[in-house]
Amino acid sequence: MSNESLANLMTETRRFAPPAEVVAGANVTAAAYEAAAEDRLGYWAEQARRLSWEREPTETLDWSNPPFAKWFADGRLNVAYNCVDRHVEAGNGDRVAIHFEGEPGDSRAITYAELQREVSQAANALGELGVATGDRVAIYMPMIPEAVIAMLACARIGAPHSVVFGAFSADALATRIEDADARVVITADGGYRRGAPSALKPAVDEALTRPGAANVRNVLVVRRTGQDIPWTSGRDVWWHEAVGRQSTEHTPEAFDAEHPLFILYTSGTTGKPKGILHTTGGYLTQVAYTHHAVFDLKPETDVYWCTADIGWVTGHSYIVYGPLANGATEVLYEGTPNTPHNGRWWEIVEKYGVTLLYTAPTAIRTCMKWGDDIPARFDLSSLRILGSVGEPINPEAWIWYRKHIGGDRTPVVDTWWQTETGAMMISPLPGVTLAKPGSAQTPLPGISATVVDDDGNEVANGSGGYLTLTEPWPSMLRTIWGDDQRFLDTYWSRFEGRYFAGDGAKKDEDGDIWLLGRVDDVMLVSGHNISTTEVESALVSHPRIAEAAVVGATDPQTTQAICAFVILRGGAPQEEGLVEELRAHVSKELGPIAKPKRILAVEELPKTRSGKIMRRLLRDVAENRELGDVTTLTDPAVMDLIQTKLPSAPSED
Ligand code: 6R9
C-alpha cells in the first residue's frame, strides 16, 4: 500500500536539443524566464504592448476579489482592429491572412485588406440585424472563412460569440443558445465532410423550435454547398445578401479590457455544459504572446496551420485570435485528413509550404496507423516547428511526429492548456528547451504551475499528484457564464487560493511536468493511483499497437482492474498470445501493478470532435452498464461496434 496521490511509473531518457538555426533566431530566449520570475506583472504589462490600445492600461492586475481577476482594467481596445485593421495600416494589406482550402479542392486566398473589408461588412450587417454591444451571437459553422469573419465581426461590435461545434446535435445547440440567450445564429447551409455536403441548417431550425431559443430573431446563413435547405422567411437571411450589400467600411469602437469577448462551452462530460467566459485585453495579450513565443512566428515568412476546428478553444485562440493578432499567414482547411486520400494533410503542407503545424496527438497516432509511407510521398521540408495539444502525447507518437513529419529536424512543442486557461500555459520554447518526448515540461514565462498532493503540498521531484496554477494569468476564464458559484466550486475550492485544473501530473527528476490525464480517469488498483496516460503510453510503445485507451473497471479483488481497449496496427487478425505479450510488455515498462487485466482489440475508440478519448463511455462498456450521453462523440456508431465485441473479449488468465 502506498499513499501517493498518483504513481510515477514511466521514465523517458531521450533528449533533443533545439536546432542551432532556431536558437539563433528565436523570438524568445531563456532570458524571458528570468525577466518574468523577477517581475511577473511587469512581464505581462510588457506583453500587452504587442497590442494596439486605444487607451493604454496603467494597471496590470486587479486581484482584490479573487478569483475574479481584472487584467489591464483601465485599458481600452478593439480585438478586430488588432487582428485585422492595424496590419493593413502598417502596410501589410497585401499579405495573405488566410489560405482557405475547401475539402472538394476549391481554394481562396484572403489578404488582410480583404479580411478588413469583409469583417467590416459583416459587422455592418450584424448592426442592421439589431445586434448591439453585449448581445450574444451563436455561431454554428463549418470550417470556412466566413466562420472566422463572423467571429471577428462579433468582436468588432463587442457582441460576445458562442461558437458551437458544427457536428453537435440540435439538442446541444439549443442548450447553448438558451444558456447564453443568443439573439442571432450564424450558420451555413452545410459544409463538405468526407467527400459529401453535410447539412447544418436543419439542426438550427430544429434547435429554434425549443422554447429556450425563443429570443433568436434572425439566422444568418452562408451559402457553402448550395444544397436545398428549409427556409423561414422573415427570420432567415442569406449572408451573401445581408453582408454583401454592406459598406466595406466600419469604424471599430474600443471596449474595456474586461468586456466579454466570447463564451465557449466545455465538452462537459457530465451535467449542464459550462459556459467559459473570456474577456478582451488579457485574453488577446496571452494568445498573441504565446503564439509568438511557442511557434516562434516570423509573420513575414512563416506559413502557419492549426488543424483544430474553430468550435474548439484551440480554433479560437490559435486559428483566429493569436495568429491574426500577430499578422500571420495561415491555412484554414475545411475537411477531414483522409478525404480524398490519407495524404491530404501532407499534400496541403506541400502546397502552401507550411512552416508551423499545430495538431492533436490523436491525429498523429491515426497518421502513424496509416503508415510512414504516406507522409514520405510529400515534400515536408518547409516545416520548422511542430506543435501538439489536446491530450498527453505519448513518447512514441512524439518521436514519430518529429521523425516522419519533421524530418528528424524540427522541435516538437507539447502545449498544455484548457478552454478555461484560454491560452498555452505549460510548453517548451522551441529555441530554448532541451526537449523530452511526452512532456509539456515547463510553465511558460509569466505562468506559475505546480503539482501538489491531496493536502495541497507541492510534491517532490519524481512524484505525482494534481496540477494546479498558483498565480492568476491574463487569459484566465473570468467565470462560468451566469454561474459564479459553479466557477468557485469547480476550480477554486479543491486547493485554497489555487486553480485546480482537474488534471493529474507528475514532476520528473529534473522538475519537468508530465501531464497524466484527467483525475476523474485515474485508476485505483490495489491501493495505487495509476494514470491512464502511462499505461496507454506503454501499450502504444509496443509495435503492434496503434492506439490505446485504458479505464479502471470495478473489481472485487483490487478495487479497480485495468481494462485496455487497443487498436492494432495493420489491423486484425490478432495473433495468438498477443494479449499475454502486451501484458508482459506493460509490466516490463511500468511494473506489474500496471499490467492490464483485460485487453480488448477494437476497430475504433470513442472520441470527441476535438480528439479526446471518452473514457467514461469505455468504463460503461467495461462495467456492462448502459451508455451515458454520446452526443458529443464524433461518431456514435463506434460504441455499437465496441459493444458487439465485448462477449468475445479476450480476458485475463
Ligand atoms: C486546449 C484544450 C483541456 C484538457 C486538459 C487536459 C487535456 C490539453 C494537453 C492535455 C496533456 C497536453 N490536454 N492539452 N493533456 N498534454 N498538451 O485541449 O482544451 O478542450 O478544454 O481540454 O485537455 O486534460 O485539462 P480543452
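From the backbone N, Cα and C atoms, a Cβ is placed for every residue, glycine too.
Just so you know, TrEMBL annotations are computer predictions that nobody has curated.
The feature domain 'Acetyl-coenzyme A synthetase N-terminal' is assigned by TrEMBL to 31-83. Per-residue pLDDT, averaged across the domain 'Acetyl-coenzyme A synthetase N-terminal' (31-83), gives 98.
Sequence annotations record features per position, and here TrEMBL assigns domain 'AMP-dependent synthetase/ligase' to 90-472.
For SER526 (CoA binding site), the count of additional Cβ atoms within 10 Å of its Cβ stands at 14 [all protein chains shown]. For the recorded site, SER526 (CoA binding site), the DSSP three-state label reads coil. Annotation comment: TrEMBL describes ARG193, ARG194, GLY195, ALA196, THR314, ASN338, SER526 as CoA binding site.
Among the features that TrEMBL reports, ATP binding site is placed at GLY390, GLU391, PRO392, ASP414, THR415, TRP416, TRP417, GLN418, THR419, ASP503, ARG518. ARG518 (ATP binding site) falls within a strand when secondary structure is assigned with DSSP.
TrEMBL lists 534-612 with the feature domain 'AMP-binding enzyme C-terminal'.
TrEMBL lists VAL540, HIS542, ILE545 with the feature Mg(2+) binding site. A simple way to gauge crowding: the CB of VAL540 (Mg(2+) binding site) has 22 other CB atoms within 10 angstroms, across all the protein chains here.
Here TrEMBL flags LYS612 as N6-acetyllysine. LYS612 (N6-acetyllysine) carries neither a helix nor a strand DSSP state and counts as coil.
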Among ARG193, GLY195, ALA196, ASN338, PRO392, the binding-site residues whose C-beta sits under 6 Å from ligand 1: PRO392
Sparsest Cβ surroundings (other CB atoms within 10 Å) among the recorded positions ARG193, ARG194, HIS542, LYS612: ARG194
THR314 (CoA binding site) and THR419 (ATP binding site), distance between Cα atoms, whole Å: 8
Cβ neighbour count within 10 Å of THR419 (ATP binding site): 19
Cβ-centroid neighbours of Mg(2+) site VAL540, HIS542, ILE545, 8 Å, sequence order: GLU396, ALA538, LEU539, SER541, PRO543, ARG544, ALA546, ALA548, VAL566, ARG569, LEU582, HIS585
Nearest of the recorded positions (ARG193, GLY195, SER526, ILE545, LYS612) to GLY390 (ATP binding site) - Cα to Cα: LYS612
Rounded inter-Cα distance in Å - PRO392 (ATP binding site), LYS612 (N6-acetyllysine): 10
